[in-house]
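Structure first, commentary second.
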Amino acid sequence: MTAPVKKISVKEKELSERKTPWRSVYVIAFLLLLTGLQMSIYFTSTWQYLSENDETVTVDFFGVLLALQALSSAFANPLFGYWNQVSSSTRKPVFCACAIAGFGNVLYGLAYLAPPFVKWVMLFSRILTGFSPGALGICFIPLGKEGFYIGPFLINMYTSAAIFMSIASVFSILLTYFCLEENYVGIISKEEKSQDPYFVLPKFDRLPVLLLFYMWWLMCGVVCVESMAAPVTIAMYNWSREDAVLYNGIIQTLSCVFTFIVNFSLASTKLKTIDNRLLLLSGLVFFEIFFIFHMPLPFYPGPLDRPGSLNSSISEIGRCEFDWCDSTPRVPLPLYLVICSAIIGLGFPLISSTSSSLLSQIIGPRKQGTVQGFFAFTGAFSQFVVSLFSTRLFELSGYKWIMVYHWSIVTIAIISTLLLWRRLVPLKMTPSHGEATRYKLGTFYRM
C-alpha cells in the first residue's frame, strides 16, 4: 500500500523553486547583529553613566528613561513596517532608522557636557535610539571613568560605546545602500495573484498569532530584568558601580555564548528538524526555571547588607539602601551566575527564533510588513510598561514581585501553548477536499 502523495498548488510549487538572495540575507543578519549590540551595549553601564554625571537622578528616573526608549521603539516599529509594506522598500526605512539612531548615540556620548541637564539630554538620546532597535560593553571598561580627551571630548568607558554605535549606524546605511537586494522570494505579489483568476490565498488563524504576540511581550519584558541587573546586583552582592559594569558584562557575554550556540544549532544541525512548538515550550520552561530561582526564596541567605545612612539610592560603595533590604534574602551568587548566563541564554533563542518563524509561517506568503511592525510594537511596548513598574517595584519592595509577575506570565504562556497546540501550524495553502476555508472575499471549498 503506497502512502498518499501530498498535493500542492501551482503557487506553492513556484514559491519553493525561487532562489533566496543570500547576500541580502547576510546583510540583514549583520544589521540585526548591530541592532543587538545597540540594545546590549548600554545595559550594564547606563545607570552608572547617568548617576555619576547627575547626582539628582533616581532609580525611578532610570526606569522612565528605559520606558521611553521602549515607547519610541514601539511607535516606530509599526510605522516602519507600514512604510515597508506600502512602498515595497526596505532601504528607505533602514536609512531613516539608522540616521536617527546615529544622532541619538552622538547625543548620548556628549550628555556629560550638559550639566545640569545631563539626565534630560540622555533621556532624549535614548528616545531617538529607540527608533533603531552587553556583551560588547565590557570591551570599553579598560578606558575607565577618567578615560582621555580628544580636544574637548571625553572618551571613557561610557562615551566610547556611543561613539562606536554612531559609527556603526553610518556603516549600516552604507552597507544597506550598496549591498541589499530587495527581492521578496517568499511573497505572492498582487501582480502574481491577478495572473491566476482561480488562485485563493486563505486567511490566517488569528488566535495563535495573538498568542505569539503575547510570547513576544513576555520575552521583551524579560529584557527589562537584564537592564535592571546593575542596581539589583549592587544591592544583593555589594558590588561597586565599576564591578557591576564588569561582572554583569561578563555574565551577558556568557549568556550570549549560550544564545549563539542554540541559534547556530537551530540553523545548522538536526535541531532544526524538531517541531517549533516543542522548541518554544522548551524555551518557556527555561524561563520558568529562571524566575523561580531568581525569587528571594525564604531559605536563601540574608538579609542584604545596609550602610549606616538610609537614602533611597544605590551608593558608591555598593550597599542596599532601601527599607526592604532588612527582610530580603539574596540569591546565592553561584546560582545567580548560572541562571543569568546559561538558563536565560538558552531560553531566549528558543522563544525568539521559534516565535518569529511560527508567525511568518502562520501568516503565509503575503506581505507582512504591517503585522511584523505591530509584532515588534508589542515587544517594545512591553519594555515600556515593564520598565516603569519594575523600577518602581524595586524601590518599594525589591525584586520579589518583579519575578512573581514574570513567572506568572510565563506560566500562562505554557498553558496557552498546550491549549492551542494544534493551531500553532503553518498556513494551509491547499485545503482538503470539501474543507471550508476563509479568504478575503468569503469562504471557498476545494472540490
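Each residue, glycine too, has its Cβ placed from N, Cα and C.
Where the annotation comes from TrEMBL, it is an automatic prediction and has not been curated.
Quick look at what TrEMBL annotates:
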- 21-41: transmembrane segment (TRANSMEM)
- 61-82: transmembrane segment (TRANSMEM)
- 94-114: transmembrane segment (TRANSMEM)
- 157-180: transmembrane segment (TRANSMEM)
- 211-239: transmembrane segment (TRANSMEM)
- 245-266: transmembrane segment (TRANSMEM)
- 278-297: transmembrane segment (TRANSMEM)
- 333-351: transmembrane segment (TRANSMEM)
- 371-390: transmembrane segment (TRANSMEM)
- 402-421: transmembrane segment (TRANSMEM)
*asked:* Need a quick answer: max count of Cβ pairs under 8 Å to the transmembrane segment (245-266), which of 94-114, 278-297, 333-351, 371-390 is it?
replied: 333-351
*asked:* Quick check for me: are there 3+ Cβ pairs below 8 Å between the transmembrane segment (278-297) and the transmembrane segment (94-114), leaving out pairs under 6 residues apart?
replied: no
*Of the listed stretches (61-82, 94-114, 333-351), which one yields the highest count of Cβ-Cβ distances below 8 Å with the transmembrane segment (371-390)?*
61-82
